[in-house]
Ligand SMILES: NC(=O)C[C@H](N)C(=O)O
């Protein structure tokens, strides 16, 4: 049977439009439909025909937990089909790393699932959307991409969903995986891999949102020098299901914040605002009842805790998830 790639459009700058071709920041994201984006990249034609889904057309900072659940279900339905060999999702870059990690943990498949976007709107001078879309399709069509987990493809690089993060506000070379490096490159229409993710994903993940409409409410609180009591008191008063407490350096929590947040009725995971490196357990964590984020960024630790809480409230098991995923 001839198989095809399923294309899913969600919005972002790749579907954005500015008033002129030099407008690189003041444009409107999420304007063009998937058909219009594809029409501007004739090079994608030989890799077709495709299955098309216009999932949404939003700026990715507006994505919600409900959207993630719905998107995971759409992707799962597509990869379950025998005539679909892989999925390519167009997405805004601002929250791309979160969507990628969410799908990495909730879609069960070995088929390539590739997310791409752009830093410059369609029609802008040197727009990067067309080449990124073409290369994402080429990665999804490469057999070596099977079983690699959800992949992010931009600017000629392939990154794994767990470790990738957006590192620059406007530059086209914004995505990188500071701890592990890029997994590979796209060249001459093919994906070349030099690394793989060592953490559980897709087919090895125990997380499943098939029967979920919502997820436990996990919030993020970032600490800073000179933080007063008001912010942590306000956050704790909202009684979340879990908290990612973002500390300084190795996830260090200021004394006053520690006093307000220790041994509460919901799990608290210490993470770091540094952007790279591991937060490992220290003796005071046992006293305060804190878990640690391993090397996950605060925003990805939030996703893992939301999903972890659908399985258990047992702190030891939740901690194990942070060392496994
Ligand atoms: N480059 C982009 O896609 C940024 C845009 N604000 C978005 O994330 O939707």
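Cβ atoms are placed via backbone N, Cα and C, with glycine included.
Bear in mind that TrEMBL entries carry predicted annotations, made automatically and left uncurated.
Fair warning: this is a prediction, and the values are worked out from it, not measured in the lab.
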Among 56, 60, 126 - the residue TrEMBL places in the same substrate site as 93, 94: 60
Substrate site shell beyond 60, 93, 94, criterion: Cβ within 8 Å of Cβ centroid: 12, 13, 59, 61, 91, 92, 95, 96, 117, 166
Taking the Cβ of residue 13 (active site) as the centre, count every other Cβ atom within 10 Å, in any protein chain shown. 31
Report the DSSP secondary-structure composition of the domain 'Asparaginase/glutaminase C-terminal' (217-322) as helix, strand and coil residue counts. 40 helix, 23 strand, 43 coil
